[in-house]
Every structure is written in C-alpha cells, then in structure tokens.
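Working notes, beginning with the structure itself.
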Amino acid sequence: MKRIGIYAKCNHPDAVMVARDVVGWLRGRGLEVFLEKKLAQDVGDAEQSHDRGSIPGMVDLIIVLGGDGTLISVARQVCGRDVPILGVNLGSLGFLTEITRGELYLSLEKVLKGEFSLSDRMMLEAVVWRHGLEAGRFSVLNDVVINKGAIARIIDMEVSVDTAYLTTFKSDGLIIATPTGSTAYNLSAGGPIISPGLHCLVVTPICPHMLANRPLIVSDTACIRIEMKLRDQDVVLTADGQVGMALEAGDVVEIRKADRCTRLIKSPSKEYFEVLRTKLGWGER
C-alpha cells in the first residue's frame, strides 16, 4: 500500500490534530497521502488536496478519523471500490470504528505489512419510484428509515417481501436495517442485534399501532417493497440518518442488497462480540 486517503471529522479538534500527525507519520515512510480539501486546509497541508468523492478511486487504503457517523459517510463515497477502510474511533460509541487512538500506529504498521483481516459489510440500495419514474436512489450501510415529521399522524405503509404481501404497517415509521445497522436505530426501536456475518436484513416498525407487529428478519436475497398510503402527511426517507428525501402519497420504495459491500479492517486485538459487550455495557461473568 503506497497511496493512503485520509478522512476526518473536521469539526472535531482532536481529529484534525491526529490527522496532522498521521500525515507526517505516513510521509515519513515514503507514502503518498491524499486529503479531502477541508481537511487539507485544517491541517495546513494543500500538497495533496482533493475533492471528497474522488479520493476512493486514487488510493489503496482509507483511514477514517472520527466516529461511526464519519465512517458511514465515507462508506457511501467509496461506493463499492475494493478499498479497505481503517476506522479510528475518536467519538463515543464506535461499533464500526474499532481501532482506538492508542492502537492507531501499531495497527497502521500491521496494515502496511499486509497483516490484517477484513470484515465485508453488506450494503443496501434503496430506490424511490414516483409515478413509475425513479425519483431517488441511495446507497446504505446501516439503515433506510421512513419516518413521520414533527406533527404527522401515524403512517400507513403497505409492505411486500418480493412479490408476497406482508402487511400494512400503521406506525410512526419503518426501519430496514443491515446486520451492521442492527446496533443503530433498529436496536433503539426494539429490533434484534444481528451478527455482521449473517446474510439477512431486518424490518422493524417504529412504535407500531398493532402490538402484533414485530421486527422481521428476511433473507438478503429479498426485495422489500413499501407503498406509501399517505394522506397529506409530512413523511421522509433517510439513508443512514444522513441523506434523504420527502415522500409523497403513492410513492413506492424498493430496498434490496447492493452489489457492493464496505470492507472494514478489523481490530487486531478485538473480536466483534467483545466490542458489542464493551459498547453496550454488558456485565462480565
């Protein structure tokens, strides 16, 4: 690996400081470093300043300095290129950014020697159809959420799995999550935690009107089709809680497994269930 891209949470002073140190460390080893323009400005180094979206196509490795939100944003930029991502946690929870600040340079040494393993994380593709035409398309690492606005009423959503009608959810919203996203909004809404190696997705209603409506796990080969049965309501679709669009009556949302995945470099010192236990504060035996 000779060409390294760095993304950081630029409004986080620690992230900018760590980025500056990492740039010096990498260049001291003869490696070429690529920075997004805002980060290059913040660290005072315009030598390799590039548009955010162009970096994944130019590098062999991406380092993300921040939290899970920063990494999720970068994952959409990578868009299926076979570029591994090393996530360094400078935030709070950090399910995806497994590497701690103290482990950063030891982990980098191992990665540059090729001594690392990858966790391939399934992604989703969500398409919004309006009057038979594509109105929006989103790549998703964590979840697709359909949610009501501040003063909207309960939403009616007719849901099918492939061609089979499932039910019409009457709820505050609906979450379609990957195994990676099962520890995000899905978990808060009472959905199950799913090991990232499993090939499935979970459909979780948000505050359903019917107590019998419960989260449903389906195969990752399924297409989830959601038809909006709205009555002049304020309803939005969000992808990973970061981008999205307003939905209208009659809109159809189709969600399926994407052709691409996100490749995360695993921590050399932690297993998934150790991370889970630590982050959720589960007790020891």
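Glycine is treated like the rest: Cβ placed from N, Cα and C.
Over in Swiss-Prot, the protein carries these features:
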- Asp68: active site, proton acceptor (ACT_SITE)
- Asp68, Gly69, Asn142, Asp143, Arg153, Lys170, Asp172, Thr183, Ala184, Tyr185, Asn186, Leu187, Ser188, Gln242: NAD(+) binding site (BINDING)
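Overlay of Swiss-Prot feature records on the structure.
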residue	record	Cβ within 10 Å
Asp68	active site, proton acceptor	23
Asn142	NAD(+) binding site	28
Arg153	NAD(+) binding site	15
Asp172	NAD(+) binding site	18
Ala184	NAD(+) binding site	24
Asn186	NAD(+) binding site	27
Ser188	NAD(+) binding site	11
Largest inter-residue Cα distance among Asp68, Gly69, Asn142, Asp143, Arg153, Lys170, Asp172, Thr183, Ala184, Tyr185, Asn186, Leu187, Ser188, Gln242 [record-listed NAD(+) binders, Å]: 31
DSSP state at Arg153 (NAD(+) binding site), helix/strand/coil: coil
Asp68 (active site, proton acceptor) and Ala184 (NAD(+) binding site), Cα-Cα, nearest whole angstrom: 10
